[in-house]
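Everything below concerns the one structure shown next.
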Ligand code: TYD
Ligand code: MG
């Protein structure tokens, strides 16, 4: 049997040579070659348990450096990120076309650049001229952002390697990027994955905060491979109705912070304006109480936001199947509430069309909105307005009970601060210092009694 050959493994790059040398031929480090346990060709091919480099294990309590976050100066953007940009991290920002992703990122880039940091903005969708025109419209032409229109990742990385490393790099969008090492047109799964991998590697190696803009599909997911969301550190979504002014920036995944904070912006003629106090934003400014309208104190991260829920019930004469249409809330949840109202409270919606709308283009997913939706429905059905300046909160169970919700106190206090006088909700919400006239409704039927008899 042939004598196993000696192997020397470079401790820096892992390359293997069969002769000891002072300098590694691959990475040019000195004195890094160390003799390795003899391995046969067979074992190298089939056994992964030897022949590798030593991996360093550390204790969990070993002090590590916390990355210093770079504030962009757009406070709402920083808030949604959990306090600012983390150097060497990758952020994926998704959102419907025309929602304002490019506008937001250009504004953030300009803010960071004006602080004296190096910033690069690479647009694969628009020509430089178009981006410059937008910058002029936003009043940002004088910001020292380095702007390029390019789609080749090799070109981009080569150029970035030759200039001052940017602190903040925007790639708009990852679906337009192209890598010449991969077959296929830009936007295909393998291209998106390959380009993102290279760009993220560049960002991690150079301590760059990278933002990749991502297209979304019809149902609101980020287009391309799901694995893209696994590759990045932060996934953000920029939401809103295009026909409405308000935009919400939300983190869906954040390796460096919480995911429940949002940033609120308003799209104006000269770009996105920050909305620092969004609590009143989604209320229609009506003075007179109207039937079918209820106010719900929603929570966005740590901030309460008051939202108006509107319901419209149209009685049908014929036996046609009545429609149920929902904007800003979950269809299935509306069906459930209608069923509970029918079976536990004896109301009938079966021959009526039901329309439900959350005002201002807001999207609700909080189950605590159940009671407010039920109140709007009952008020619309009875054609009687709910008590003036009242807020409603509580989750409704299939048995028709009004159940407690998280942060009841905070929500009610915010409503009181904004001039609301009455609160309705589960019996055991700690109403303590909220300053509202609070009434607990144990059962949904109590709500119906109150509205019908008012
Ligand atoms: P954009 O940032 O191009 O959207 P995205 O990159 O997400 O596709 O924004 C486009 C929309 O924003 C466009 O329909 C017009 C509107 N807008 C304004 O209302 N005001 C402005 O100052 C700017 C720049 C855009
Ligand atoms: Mg764009």
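Using the three backbone atoms N, Cα and C, a Cβ is placed for every residue, glycine included.
Unlike curated entries, TrEMBL annotations are predicted automatically.
Residues or ranges marked as domain 'RecA family profile 1' in TrEMBL: 66-216.
Taken from TrEMBL, the feature ATP binding site applies to 95, 96, 97, 98, 99, 100, 101, 102. Here the Cβ of residue 100 (ATP binding site) has 20 other Cβ atoms within 10 Å, regardless of which shown protein chain they belong to.
Summarising the annotation, TrEMBL assigns motif 'RadA KNRFG motif' to 253-257. A Cβ distance under 8 Å defines the sequence-distant neighbours of the motif 'RadA KNRFG motif' (253-257), meaning residues of its chain 6+ beyond its ends; these are 67, 81-83, 86, 89, 229, 232-235.
What TrEMBL lists as region 'Lon-protease-like' is 353-454. Shown for the region 'Lon-protease-like' (353-454): DSSP residue counts in helix, strand and coil, namely 39 helix, 24 strand, 39 coil.
Averaged over the region 'Lon-protease-like' (353-454), the predicted model has a pLDDT of 87. Classification of residue 101 (ATP binding site) by DSSP places it within a helix. Classification of residue 95 (ATP binding site) by DSSP places it within a strand. With respect to ligand 2, the binding-site residues 96, 97, 100 contribute no residue with a C-beta closer than 6 angstroms to one of its atoms. Highest local Cβ density among the binding-site residues 95, 97, 98 belongs to 95, counted as other Cβ atoms within 10 Å over all protein chains shown.
Residue counts for the motif 'RadA KNRFG motif' (253-257) under DSSP, split into helix (H, G, I), strand (E, B) and coil, are 0 helix, 2 strand, 3 coil.
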